[in-house]
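Asker: Sharing the record's features from TrEMBL:
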{"type": "ACT_SITE", "residues": "HIS239", "note": "active site, proton acceptor"}
{"type": "BINDING", "residues": "ASP92, LEU93, LYS147", "note": "NADP(+) binding site"}
{"type": "BINDING", "residues": "HIS177, LYS181, GLU215, ASP234, LYS339", "note": "substrate binding site"}
{"type": "DOMAIN", "residues": "11-186", "note": "domain 'Glucose-6-phosphate dehydrogenase NAD-binding'"}
{"type": "DOMAIN", "residues": "188-486", "note": "domain 'Glucose-6-phosphate dehydrogenase C-terminal'"}
Amino acid sequence: MQPHIPFTFTLFGATGDLSMRKILPALFVAHREGKLHQDGRIICVAKQDFSQEDYLAWVSKSAAPYVKGSFAGVDNALWLSFLARLTYLPLDLLDSAGYLSLAKTLAAGKAVSVFYLATSPALFEPICANLAASKIDLSQARVVLEKPLGHDLMSSRAINDAVARVFAEEQIYRIDHYLGKEAVQNLLALRFANSLFEPLWRRESVAHVQLTIAEQLGVEGRGDFYDSTGAMRDMVQNHLLQLLCMVAMEPPTSMDADAVRDEKLRVLRALKPFSAEDMELKAVRGQYVSGAVEGQSVAGYQQEPGVATQSQTETFVALHAEINNWRWAGVPFFLRTGKRLAQRTAEIIITFRPIPHAILPMPGGQPGTSSNRLVIRLQPDESIQLHCLAKQPGDGMTVQPVALDLAFDQAFKQRRADAYERLLLDAIRGNLSLFVRRDEQEAAWRWVEPLLRHWETSASAPKPYMAGSWGPTSSFAMMERASAQWPEDR
Ligand code: BG6
């Protein structure tokens, strides 16, 4: 990994939502923090015929408000010095002739080239083919691909094949921004920098694992896209399965990209396929109807702009997964995600087995209930809590739940990088550890696809749930069948 190098970052789709909300704000923060080499240029490519001034004015209006923290506190001179890195290049991405002007712009320096494809995946093939035909030297280049990478295994293979005709696998950076979150890095530190947890991190000690990514937001003006995608493709196939890999993988031999990715791949390949019976009992899909989130009434999914009135697209998924290997056989991994839920939260809860025999009166009088949980919270704040029982002060021997609490913002005062900032810098510096390899991505599709097919042909619709709730009641019933509970039910 090279720490600080000259680069040319070509952003395809530079006028799109993702560029304005995530990519340009993250690059600005990296610039502000002195993490970008002074010879780092950002070429912004899109179809619209903007002048350089008009584009920069638009970036100031559309991207600056997404800079984390208050933009009002951002030094105007600093912002202008960031804008000085940007060059706008209008280009019809399907027109190969237009790429000659990009080739000319890139030829000017000897910097590392990063091509970020923040466009529809339908454009990945023509962009790569046109780059190859334009005589741009791609031998040292990197290409960053945004999700969704396909709709199923076949379409993801077609995209990967098209990109592979131009770039070698070690030049391809498939982004999953959940892997760039600070708390996910901390999960690795917790597991692999401490000796305490490893002996407990297995079926003999763990009763079950829960992974939740809950959102309060709805589809945010992306109804068209979301209605042909759904929660399984938008969140489970990528973010939730990547988190599951981080929890369940064996210790890699090093933090080398392929060592980590080999271990994640093993987990994905060991996921137990859903049988016909499991599809009914261990998988729940839901769709929100109107309700209230934080006291504000909100429309139901089918009333969102761009969504079909009879849509059968799921906005909620809960799964009871299992991993068929020695470490995890028989341990339920409960995955859950949804839009318009009661709270915005992302967390991983490892519940340990209950004590075998109670000699003290247990809270709630239930000796078989687990009292030990490790809660790794990714959002909205980052923390790790270890829940235990401790003696209540005073007479007698009454035990009560307490939490050993590590809140990162209190323990570490320094600024934590946002996921996109970390991942973009990794792509510029050539560090692939936090990017998804093709075989991982395909293994994830292979596991979710039978369930997607089943839902497509099933006579039953997604279960309705009220916006602002914790999802359909069947998700709680699924947990009950496995003698477990979601935290809200406890
Ligand atoms: C994106 C999904 O990948 O992740 C969105 O496409 C979702 O639908 C988003 O809202 C959630 O990310 P975060 O970081 O806000 O939890």
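The backbone N, Cα and C atoms fix where each Cβ goes, glycine too.
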Asker: In the structure shown, which of the binding-site residues ASP92, GLU215 has the fewest other Cβ atoms within 10 Å?
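Answerer: Fewest other Cβ atoms within 10 Å, among the binding-site residues ASP92, GLU215, is found for ASP92.
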Asker: Restricting to the same chain and to sequence separations of six or more, state which residues have a Cβ under 8 Å from that of HIS239 (active site, proton acceptor).
Answerer: ASP176, HIS177, TYR178, ILE213, THR337
Asker: Test of understanding: give the count of other CB atoms lying within 10 angstroms of the CB of HIS177 (substrate binding site).
Answerer: 19
Asker: Compute the C-alpha separation of ASP234 (substrate binding site) from LEU93 (NADP(+) binding site), stating it in Å without decimals.
Answerer: 25
Asker: Which binding-site residues from the set LYS181, ASP234, LYS339 come near ligand 1, judged by a Cβ under 6 Å from any of its atoms?
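Answerer: Listed by sequence, the hits are ASP234.
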Asker: If I restrict to non-local contacts, at least six residues apart, and a C-beta distance under 8 angstroms, what lies near LEU93 (NADP(+) binding site) in its own chain?
Answerer: PHE12, VAL45, LYS47, THR119, LEU123, PRO126, ILE127, ASN130
Asker: Taking the residues HIS177, LYS181, GLU215, ASP234, LYS339, which the record names as binding substrate, find the longest CA to CA distance and state it in Å to the nearest whole number.
Answerer: 20
Asker: Of these binding-site residues, LYS147, LYS181, LYS339, which scores lowest on Cβ atoms within 10 Å?
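Answerer: Fewest other Cβ atoms within 10 Å, among the binding-site residues LYS147, LYS181, LYS339, is found for LYS147.
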Asker: Between all pairs in ASP92, LEU93, LYS147 (listed as NADP(+) binders), what's the biggest Cα distance, rounded to the nearest Å?
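Answerer: Max Cα-Cα spread across the NADP(+) binders: 22 Å.
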Asker: What is the total of other Cβ atoms whose distance to the Cβ of ASP234 (substrate binding site) is within 10 Å?
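Answerer: For ASP234 (substrate binding site), the 10 Å Cβ neighbour count is 22.
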Asker: Taking DSSP as the reference, which of helix, strand or coil describes ASP234 (substrate binding site)?
Answerer: helix
Asker: Across the domain 'Glucose-6-phosphate dehydrogenase C-terminal' (188-486), what does the pLDDT come to on average, as a whole number?
Answerer: 94
